[in-house]
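Annotated features in TrEMBL:
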| type | residues | note |
| --- | --- | --- |
| COMPBIAS | 1-16 | compositional bias 'Basic residues' |
| REGION | 1-34 | region 'Disordered' |
| COMPBIAS | 17-29 | compositional bias 'Basic and acidic residues' |
| DOMAIN | 63-377 | domain 'SAM-dependent MTase RsmB/NOP-type' |
| BINDING | 177, 178, 179, 180, 181, 182, 183, 206, 234, 257 | S-adenosyl-L-methionine binding site |
């Protein structure tokens with residue numbers, strides 16, 4: 001692992017992955033004597049997303065209900081494992097038939113994802129899978145195979161960015177914000193899929209030293225390869241890398257899965273229900289642009305970059321992409337990925353959105369800012385593109 005002297009990071013850290021368990025908030029209990037379930041409500045959150053039109057408003061009730069359910073269990077078999085098909089057959093033959101024969105309506109057999117046949121998902125939560133007697137043997141199988149490195153228990157949405165990058169064994173890949181490492185592992189599997197000794201490699205970077213050690217534990221201890229290096233750098237200031245002849249190395253593929261508010265992770269980070277405001281996205285916007293810009297600067301001509309967040313907020317998504325396209329002055333273009341994963345259900349990106357502050361005050365332009373402190377927070381890049389810009393940017397591809 002390589003690290004620089006810049007160990008301190010002035011931005012907001014990406015939160016650690018929480019342990020999957022039953023979440024209770026006991027902070028308000030006198031003397032820590034009692035517990036209460038987390039209230040899965042936040043009126044600012046609901047109002048904000050009603051206003052942003054990131055999905056059809058008639059889907060709002062489904063959207064709300066989905067976020068209030070527990071996170072479903074998902075896992076995928078190692079992409080380059082020589083016995084992958086045999087392991088999948090063993091799982092389905094040993095466990096799926098018995099589960100269906102039991103006739104318990106509370107139990108759902110994992111199903112292969114239509115856009116990723118080696119990955120499976122069940123709407124049951126991890127707690128339910130772990131505690132249900134019919135699923136106990138399947139749970140033990142998944143735990144054992146994960147420890148052996150034959151499968152990864154990974155959230156389904158986390159699998160998408162590496163699939164869109166689609167690196168091959170020839171590619172040099174940069175993962176700018178890599179910890180805890182599930183996407184890094186997936187990228188490594190992909191470059192090894194058709195070649196045990198690939199010519200390419202993955203550089204996995206994270207700004208936090210402890211998270212880098214977590215990255216090494218989750219990735220390289222399970223997937224032993226010489227085709228990976230871990231670095232500890234501020235992603236927005238990631239240095240140019242030179243080869244042995246002094247030439248600059250640029251990357252065929254770049255993943256910028258950036259630090260974000262995480263407001264799409266309510267199902268596994270329930271503390272967000274209590275504290276979320278629009279200010280979270282506003283405060284991270286410029287840092288996200290800086291990381292995305294650095295990722296683009298590291299990219300070869302003809303290369304591919306995926307920018308992703310754990311947020312549905314246009315301030316953290318489309319607004320960042322729009323500013324990156326402005327800065328690029330034609331050297332970057334947003335591409336249509338619908339043909340890459342045709343079975344993946346998706347909504348088109350938006351060209352228009354609204355800028356709210358912590359108290360849900362609406363700003364239509366910089367002219368609406370009266371408070372001095374807000375002039376440092378509300379910047380021009382937060383606002384939607386002009387009609388002329390929108391025609392060129394193709395933000396509906398987001």
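Numbers run from 1 along the shown chain.
Each residue, glycine too, has its Cβ placed from N, Cα and C.
Just so you know, TrEMBL annotations never went through curation; they're auto-generated.
Considering other CB atoms within 10 Å as the measure, the emptiest surroundings among the binding-site residues 177, 179 are those of 177. The maximal spread of the S-adenosyl-L-methionine binding site, taken as the longest Cα to Cα distance among 177, 178, 179, 180, 181, 182, 183, 206, 234, 257, is 20 Å. Comparing Cβ neighbour counts within 10 Å across the binding-site residues 183, 234, the minimum falls on 234. Cβ neighbour count for residue 181 (S-adenosyl-L-methionine binding site): 28 (other Cβ atoms within 10 Å of its Cβ, all protein chains included). Mean model confidence of the domain 'SAM-dependent MTase RsmB/NOP-type' (63-377) amounts to 94 (pLDDT, 0 to 100 scale).
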